[in-house]
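For reference, the structure is listed below as structure tokens.
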Amino acid sequence: MAKQSGKNQVGTWIGFVLIMLWCLFPVAWIISLSFKSEGETGAGSAQFLPKEPTFDNYKAIIDNPDFTRALINSFGISLIATVLSVIFATLAAYAIARLEFRGKRLVLSLALAIAMFPVVALVGPLFDMWTTFGLFNTWPGLIIPYMSFTLPLAIWTLSAFFREIPWEMEQAAQVDGATSWQAFRKVIVPLAAPGVFTAAILTFFFAWNEFVLAISLTSTTSSRTVPAQMSFFVGPDPFNPPYAQLATASVIVTLPVIVIVLLFQRKIVAGLTSGAVKG
Amino acid sequence: MAAIEMKNIVKQYGDGFPAVNDVSIDVEDGEFLILVGPSGCGKSTLLRMIVGLEDITDGDMVIGGKRVNDLAPRDRNLSMVFQNYALYPHLTVYENIAFPLRLQNASDSEVDEKVREASKTLELDEHLERKPGNLSGGQRQRVAMGRAIVRDAEAFLFDEPLSNLDAKLRGQMRTEISRLQKRLGITTVYVTHDQTEAMTLGDRVAVLKRGVLQQHATPRELYENPANLFVAGFIGSPPMNFLPATVTGNQVELPFGTVTIPEEKAAKAQGKGLLIAGIRPDHFEDASVMDSDKVTDEATFSATVDVVEWLGNEAYAYIPFEAPPEVQEQLQQLERDLDGESLRTQLVVSLDGASRIKEGDEATIWVDARKIHLFDPSTGENLTMDADHAGIVPGGNAMAKAEEVGKEQDDVKPEASAT
């Protein structure tokens, strides 16, 4: 970078700023909206910054028991789905990367096929099944489909990570006196940590942002997640949706995601295996 | 510490690839054994069978009087240094060395004491808190050794531990390993393809070819009494010269002239027709720099020197010669087996540094006829081997057997290049 010509660097920065503007403008717009009063958004005024910034929207939404309940549902369902999905994916991916067994390719292709299935196509059958099994409008009713949709991606990501880890690591551990499980837990999993966190973040995002299943498989706030709950924000009439309220909810819902990414970012350090073997 | 006995060990992979064939080697308690051979000879596979990372197809692996064939690696209590070190990158040097102790649930004070002791031995004290990624190749190598010596293992196993180091460091680490092994007096099995390491480190050396044991002897015995062409060509640097030879009485006719060999050697080679004579480069000398009473006509010949490499203490002279097609083919095959590729048949002669022979000169070369070995070109066997000083030579014809196995291996995997 240091040796780049000045012209080149200027071009890089222009491109950088353009992309940032392109990506962040909608975010800025939502944040700006969330500080505008109901009247201001309804008046059709198009100015970017709020005339009279107000925290009323935030106060209202935090006092709204339906919304806080949905937030709890979202956290619970997403976290449980993520943890379970990552645990299962880690074990499955390890087996796929390390063991030779019949039907290994079949397992991988099947996993991919599941990931390709359009979610909408499954809503009907799932609805019928869940009402029969009594899973409709419950946490597990959402956790199970979320897991089955995120597992394939997690398995593929993690098995790629496991394949990168030199097999000698594990053999060295076994010679040092570790059981297979100890070798897995003390050597392989720490080395695959970047992969585990990547898979965890992807899974969490999917579950956190999912809308179609959340709206179709729930009926009350006992298990409705935030994206679904937001569709129940209605204004005085169908032609005047509460833009400010929606924007505020969006901001609140985005915050945990940003925090989680910042936290996990440190863990996703590429090249953690450097130094393991001669390279 | 324990002796390791390998009894008729066989390794056949799932696809039928015969990697190790009926190898029997005894490693005495406290002995330093080298497994050596060109790439793909099964030496690493054999080592991995000792430690338990490969299943044993047939035969018995006995460590300390106990058959361990069915034991998991962790139950064999051996420690191993891997070719690529296999350090745990997420742990500090301290924790890397402590890892085997932690698995044994050793107390913190015991761990600390042993790790400090190992790090002192290997001069790793100032690196204990660093991660392997920040260490140099030699330091990583020492950490890998620290992890091996920190617990009281029955034996050490080394899998080409120095092959990733540069030449200078390799020499230093070689001495270090030798010193450490002598001090700890622990049974050691060391795999290498480097014949310098084999000669300098080992109490005894087992030479393998295509998964067949060729000879198991001390370095000196291997050097002076190789069992067959393969061992003769593999041990020694520069390698032994192979020349077509015909024996009549006690006269050996070589491409450059005729020399007289001792009676007992000549007797073993009577009536065999065309043979291959093996003479080490050191067993030649420039006649002009020798005491005149040692130079005899029966043991000198004159030849035109093609190239001279002068190294100060000695000089290598290269003298090309024509080999008859019968031996030519055998010699080329041998060359391939030894991972080499020579373009021409030539004699390499090691001369005293004082020698004034120049390129293109017609030189008078003396040869130590007592040290000549005669090999049967069809089987590769050494006809003049002194069996009392050749260590353990497996019965049957090991080299021919290796050829057969080689053919089988090529049938399974034409591009076999596993080490």
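Residue 1 is the first one shown; counting continues down the chain.
Cβ atoms are placed via backbone N, Cα and C, with glycine included.
Nobody curates TrEMBL annotations by hand; they come from automatic prediction.
The domain 'ABC transmembrane type-1' annotation in TrEMBL covers A:71-264.
Below 8 angstroms of C-beta separation, residues 4, 48, 247, 250-251, 254 of the same chain, each at least six residues beyond the ends of the transmembrane segment (A:12-31), sit close to that stretch. The transmembrane segment annotation in TrEMBL covers A:12-31 (among others).
Taken from TrEMBL, the feature transmembrane segment covers A:75-94 (among others). Under 8 Å from some Cβ of the transmembrane segment (A:75-94) lie the Cβ atoms of residues 107, 139, 142-143, 146-147, 150-151, 154-159, 161-162, 184, 188-189, 192, 196, 199-200, 203-204, 207-208, 223, 225, 256, all in the same chain and six or more residues away from its ends.
Under the heading transmembrane segment, TrEMBL lists A:106-127 (among others). Away from its own ends, the transmembrane segment (A:106-127) comes close to residues 92, 96, 136, 145, 148-149, 151-153, 155-156, 159, 210, 212-213, 216-217 of its chain (Cβ-Cβ under 8 Å, at least six residues beyond either end).
Look at TrEMBL and you will find A:139-162 (among others) tagged as transmembrane segment.
The feature transmembrane segment is assigned by TrEMBL to A:187-208 (among others).
Taken from TrEMBL, the feature transmembrane segment applies to A:243-264 (among others).
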Request  = Could you pull out which residues elsewhere in the chain have a CB under 8 Å from any CB of the transmembrane segment (A:243-264), counting only those six or more residues past its ends?
outcome  = 27, 30-31, 33-34, 36-38, 40-42, 57-58, 60-61, 67, 71, 74-75, 197, 200-201, 204-205, 208, 226-227, 229-230, 233
